[in-house]
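*Asks:* Mind looking over this structure? Questions follow.
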Amino acid sequence: MHFIFYLILLVSAADYGNFGTYPKVPKTASINGFADPIYDLLPDCAKECVKFSTSNTPCPYWDTGCFCVMPQWAGLVGQCVAQKCKGEDVASARFLATSLCSVVGANTWMMPASISSMLSTAAGDAKEVTTIEGKTAKSWVTAPGSAAGSVVSETGSASETGSSESAQSTTTGSSSTGSSSTDSSSSSSSSPSSSANFAVLQTGGIGSVILGFMMYLLV
């Protein structure tokens, strides 16, 4: 146990110590680093789902990429979306979350496989989303200086993968019922501030992913 604790400390130091090797994320947030960039774009049914306390993670409240690889937190978010939203609203929320994780370099939205399955069931036959506000996933997700067309997945656990989806996966910019969670372009329609937030988000270090995996082993 002590070995794992010290390993986490070392990984954290390596991840945050060399700031010049990877782009930056804003070190501030009104809700948290995961919610702020996508909140205005999320379908209404999913907005409360990104407001969970982050105290069950070691992440700074502003660290977007860290939340992407914390299954104990992402699982709560995913479960909430699956319970409160349906159809295209679910697809929209998943697209926004996985796209965000791609932008910051985590390249995965890590959660228990059972939660990923719940999301798939809640989405049903809804088409996947590749467009929000008339922008393609590729152009909208890629931040300045990052590789274009990067693929992001929604992973189950270290050993198990739930339903995966790429940042370029399907699109239907349509809204669903008020209590459904999908790729609703309409509920998230005009949000210049959110788009601006995406523009400044950049990739994190591989250490965040390792840190997330270590924390997953502990919970």
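Backbone N, Cα and C define each Cβ position, glycine as well.
From Swiss-Prot, for reference:
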SIGNAL    1-13  signal peptide
DOMAIN    17-126  domain 'CFEM'
DISULFID  CYS45-CYS85  disulfide bond
DISULFID  CYS49-CYS80  disulfide bond
DISULFID  CYS59-CYS66  disulfide bond
BINDING   ASP63  heme binding site
DISULFID  CYS68-CYS101  disulfide bond
REGION    151-194  region 'Disordered'
COMPBIAS  153-194  compositional bias 'Low complexity'
LIPID     SER194  GPI-anchor amidated serine
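Looking at the shown structure, what environment does each listed feature sit in?
*Replies:* Helix, strand and coil counts from DSSP across the domain 'CFEM' (17-126) read 62 helix, 1 strand, 47 coil.
Other Cβ atoms within 10 Å of the Cβ of CYS80 (disulfide bond) number 20 in total over all chains.
CYS66 (disulfide bond) counts 30 other C-beta atoms within 10 Å of its own C-beta, drawing on all protein chains shown.
Here the Cβ of ASP63 (heme binding site) has 24 other Cβ atoms within 10 Å, regardless of which shown protein chain they belong to.
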*Asks:* Pop the Cα-Cα gap between CYS85 (disulfide bond) and CYS49 (disulfide bond) into the table, whole Å please.
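*Replies:* Rounded to a whole number, the Cα-Cα distance is 10 Å.
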*Asks:* Mean pLDDT for the domain 'CFEM' (17-126), rounded to an integer?
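*Replies:* Here the predicted model's pLDDT, averaged over the domain 'CFEM' (17-126), is 90.
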*Asks:* Relative to the Cβ position of CYS85 (disulfide bond), how many further Cβ atoms are located within 10 Å?
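*Replies:* CYS85 (disulfide bond) is surrounded by 31 other Cβ atoms within 10 Å.
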*Asks:* Hey, what's the Cβ neighbour count for CYS49 (disulfide bond) at 10 Å?
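*Replies:* Excluding its own Cβ, the number within 10 Å is 22.
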*Asks:* Please report the Cα separation of CYS66 (disulfide bond) and CYS101 (disulfide bond) in Å, rounded to an integer.
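*Replies:* Cα to Cα, CYS66 (disulfide bond) and CYS101 (disulfide bond) are separated by 9 Å.
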*Asks:* Check the disulfide-bonded residues CYS45, CYS59, CYS68, CYS101 for other C-beta atoms within 10 angstroms of each C-beta and report the one with the most.
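*Replies:* Per the Cβ count within 10 Å, the most buried is CYS68.
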